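Residues annotated as anthranilate 1 binding site in Swiss-Prot: Gly79, Asn110. Sequence annotations record features per position, and here Swiss-Prot assigns 5-phospho-alpha-D-ribose 1-diphosphate binding site to Gly79, 82-83, Thr87, 89-92, 107-115, Ser119. What Swiss-Prot records for Ser91, Glu225 is Mg(2+) 1 binding site, and it gives similarity to another entry as the kind of evidence. Annotation comment: Swiss-Prot describes Arg165 as anthranilate 2 binding site, evidence class similarity to another entry. According to Swiss-Prot, the Mg(2+) 2 binding site annotation covers Asp224, Glu225, on the basis of similarity to another entry.
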Amino acid sequence: MLKQLLSKCAEGKALTEDEAYAAMNIIMSGEATDSQIASLLSMLRLRGETVDELVGFVRAMRDRMTAIEASDDVIDTCGTGGDGAATFNVSTAAAIVISSLGVKVAKHGNRAVSSKSGSADVLERLGIDIHTSPSAAKQALETKGLAFLFAPLYHAAMKHAAGPRKEIGFRTVFNLIGPLANPARCKRQVVGVYSTCYAEKLAEAMRRLGSEHVLFVTGRDGLDECSIAAETDVVELKDGAI
């Protein structure tokens, strides 16, 4: 089936939500070759991912992830990365600061793939154990107000795409859908996005996926952050309206 979906993409056609769901399931089950995964990621990047594709991919990720129970007031600060600016990991610093103010943060993150520093890289350099179990993460969230959810532990099936992602090096759809698949199922987030166009797509995708209040920020200088060197565009999803 994946060959048929690849052929459809090669013709410049977009996948339906169900087709995207099926493609991601094939990847996560280990049935896709590295070449097939790299081909799909490259074609999607060149054409531009649609909202239907994003929703289908995220649904598949959520269905296979190891989730943790969390209260409705938990938030996440996460970015797409891949802006090429080599800035420090702002979302991790922001998570630490706001948790000290009493906000519960389930910080979802990974090591760097298409950027210089991921949140896991930062925390490891600080001497923090990132390989915490779901039960330990849940307890930390309840007692300390901050937990780090290391993506490979909660999205174990994504290991099949790790090699192709690293080899091709550029940002892919995984940069976009990672922030949408928090294991704590956060419905409130601040998401840094490297493109306002994609911020709007992600807002619509998260609306369809049930998020309640999400801010998507994009610096006009290309940062997936609130920029201090240029104006910042903000796309807000709140109570079903964008």
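Using N, Cα and C of the backbone, Cβ positions are placed for all residues, glycine too.
Feature map: Swiss-Prot annotations on the structure.
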| residue | record | Cβ contacts under 8 Å, 6 or more apart |
| --- | --- | --- |
| Gly79 | anthranilate 1 binding site | Val90, Ser91, Pro179, Val191, Gly192, Val193, Asp224, Glu225 |
| Thr87 | 5-phospho-alpha-D-ribose 1-diphosphate binding site | Leu223, Glu225 |
| His108 | 5-phospho-alpha-D-ribose 1-diphosphate binding site | Asp76, Cys78, Leu149, Ala151, Tyr154, Gly178, Pro179, Ala181, Asn182, Pro183, Ala184, Cys186 |
| Asn110 | anthranilate 1 binding site | Gly118, Ser119, Ala120, Phe150, Ala151, Pro152, Gly178 |
| Arg111 | 5-phospho-alpha-D-ribose 1-diphosphate binding site | Gly118, Ala120, Asp121 |
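The Cβ of Glu225 (Mg(2+) 1 binding site) has 23 neighbouring Cβ atoms from other residues within 10 Å, across all protein chains displayed. Residue environment of Asp224 (Mg(2+) 2 binding site) contains 31 other Cβ atoms, counted within 10 Å of its Cβ in all protein chains. The Cβ neighbour count for Ser91 (5-phospho-alpha-D-ribose 1-diphosphate binding site), using a 10 Å radius over every protein chain in view, is 24.
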